[in-house]
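Here TrEMBL flags B:19-383 as domain 'ABC-2 type transporter transmembrane'. If you look up TrEMBL, you'll see B:179-204, B:225-254, B:274-297, B:309-327, B:333-352, B:364-386 marked as transmembrane segment.
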Amino acid sequence: MLKLENVVKRYKDFIAVDHLSFDMARGEIFGLIGQNGAGKTTTFRMILDLQNTTEGTITWDGKPIKSINRDWLGYLPEERGIFPTMKVEEQLLYLGELRGMTKRDAKEQVNFWIERFELEEKRKDKAETLSKGNQQKVQLIASFLHRPKFLILDEPFSGLDPVNKDLLKHAILLLKERGTTILFSSHQMENVEELCDHLCILKRGKSLFAGSLLDLKKQYGKVKLRVRTNTTASELALLPGVHHVEQVRDEFILSLQDEQHAKAIFDVLSGGQFIEKFSLDYLSLDDIFKLKVGAHDV
Amino acid sequence: MSKFLILMKTSYKQKVTSKSFLFGTLLYLLVLTGAAFWPQISAALFNDEAQIVTVVNETGSDLQELLISSDDFIYTFVDTNIDDVTKNIGKDDITLHITDENGVLSANLYSFDPLPLNDETAILSTLDYANKIYAVQQLNLTAEDANNILNAVPMTKTTVLNEDVNNNKSEGAKSAGVWISYVVGVIIFAFIMTYLTMIITEVASEKGSRALEMLLVSIKPTTHFNAKIAAIFALALTQGAVIGLYGFTVFNFTGDGQAMDVMQTIFADVSSTYMFFTLAFLIGTVLLYVIIGALFGSLVAKVEEANQVMSPIMMVTLAGFYIMLSGTFNPDTLLITISSFIPLISGMVLPLRLAGTDMSIIEAWISLGILMTSIIVLYAMSLSFYKRAVLTYSTGGLLQKIKTILKVTS
């Protein structure tokens, strides 16, 4: 479906994207993560043909991305953009029509999404009078109102409260069900972890990893152990294979050198008795991101 | 409907219903109404009754034929002592005390309150004329003879032998043309300022609100650029048409068409060629500035910075306006000649030169050709730069912005 091969974006004295390659399958949700200035937005803009690549190719179904119908694309920019003086419904209909929808179809979709995002009462309000969160919702609707085949969401969750985050998550999953291929970026790793099948981690324009989330996690193994026990932190630190202990409220999070040590630790802590909590899992994406992108991993 | 038409229609609809556009158009219509109804307004606002000027003549000569009464002042001679008159002077009374000093009139003007400058100037002007005749009369001529001498003017006729520039314009036609061109220049200047500001803020606000980024996924920058120019240009044409139609109607149907007769008398002095060129330059110049405005609007990162890019181009427009103003006093200067070929200001200057001088029609065509070529070249250049500038956000002054755009998009 979407394929980036050795894509480079070079400015006079700066490389924003450095030989980036990844591919996405139809109907999947793909996360592009990285620190600020990692090259995510530049990558999005090159995919959307808003900027030219310096080197490399971007194709959609084997054809150059420049040649595809622009109405197949949807985009939510990181910096929020709406027409401040236009009314909510008016601007959604306008943007729908601009993306090739008939007035009737646009009206139906606007009604559907306005209801789903609980914006009924704001329908006739000017966009500039809405709260930040509601403006964000209007812009989100504008980005996928026309049922794009390929949707790019740049930081879609920023500025949304937990209730609205859930509304957006459900909307993203609904779009996926309908066959939309979604590429999105977020600094909130739990959202990426929850929604993405595959991902790419960028650091200063270079790809540190591109592939499935599970493969990424397997690289580190099940080394995160959560236990609730009467044993002290200093005693836990002395257990075999434990290289770090952290106490979070009434439980401990142990970082293991290898998941093989887990069984021995379980035996020590339980002593053959009932133990309230002993949970071994992969590192979270947040942990992996910090390890990969953090200062020591250059 | 094509994307170009959707964009253009939406921009046009938004602007044509905006308060600023409606208010601006209304202002033009009010000015036209004021001009059409000026005789009635003038009659209602200003006192048309002639003022009495009491004249105490102590020259010993008869000055009644010399101080000629007008619509504004009636000179009434009294045979009283000046002290008596000044003692009893009323609030609105004017008294002129005239004596003879060595064969020349000496006058003292008395009033209770200071006189308005216009009134004082008018009375002194009459007195000045009377003084000349009085001086001539000392040569024992009749007042009529004296008047003939003072008003004698040579019969002159100008013949230009160069057929290329011989437009057979009378001095009166030139003078009328200059003043019509002054009004035309002011209209062109007002249109440029209005629509330049409008398109710069329109593009800048879309870019600044990042709405443009969303739009440009579905539409090409070229389509956006063209649609914005077309919408604002159509708006200018709409305003022009509304003003023109309203002007025609109000002048035609006011006071049994008398106002229209006055207008026709004024416009009788200018040719249809002049009208053609003036209209062509008005349309061409507004289009040129709208193209520049779209480009400049794309340079800024947010609408608050619009003034930064607007200033340089406004300076050029102002320069053109002042050059045009200088031409109303003397349209034959080298500055006016050169300016009438410079595309950004020729729209304001050329009509003035065309009406007020004996310039060749070929020069007008050359200037129009330069303007049209500039529009085409500037459009191509602006379009190319617009594509690069419209998604580049930079800080600093105008030159810094251009440098950044060139740097990040080359």
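Every residue number used here counts from 1 along the chain in the order it is shown.
Glycine is no exception: its Cβ is also placed from the backbone N, Cα and C atoms.
Bear in mind that TrEMBL entries carry predicted annotations, made automatically and left uncurated.
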Considering the transmembrane segment (B:179-204), which listed stretch of B:225-254, B:274-297, B:309-327, B:333-352, B:364-386 counts the most C-beta pairs under 8 Å: B:274-297
For the transmembrane segment (B:333-352): best-contacting stretch of B:225-254, B:274-297, B:309-327, B:364-386, by Cβ pairs under 8 Å: B:309-327
Intrachain neighbours beyond the transmembrane segment (B:225-254), with Cβ under 8 angstroms and 6 or more residues off its ends: 3-5, 7-9, 11-12, 15-16, 21, 24-25, 28-29, 32-33, 36-37, 191, 194-195, 198-199, 202-203, 260, 263, 282-283, 286-287, 290-291, 293-294, 382-383, 386-387
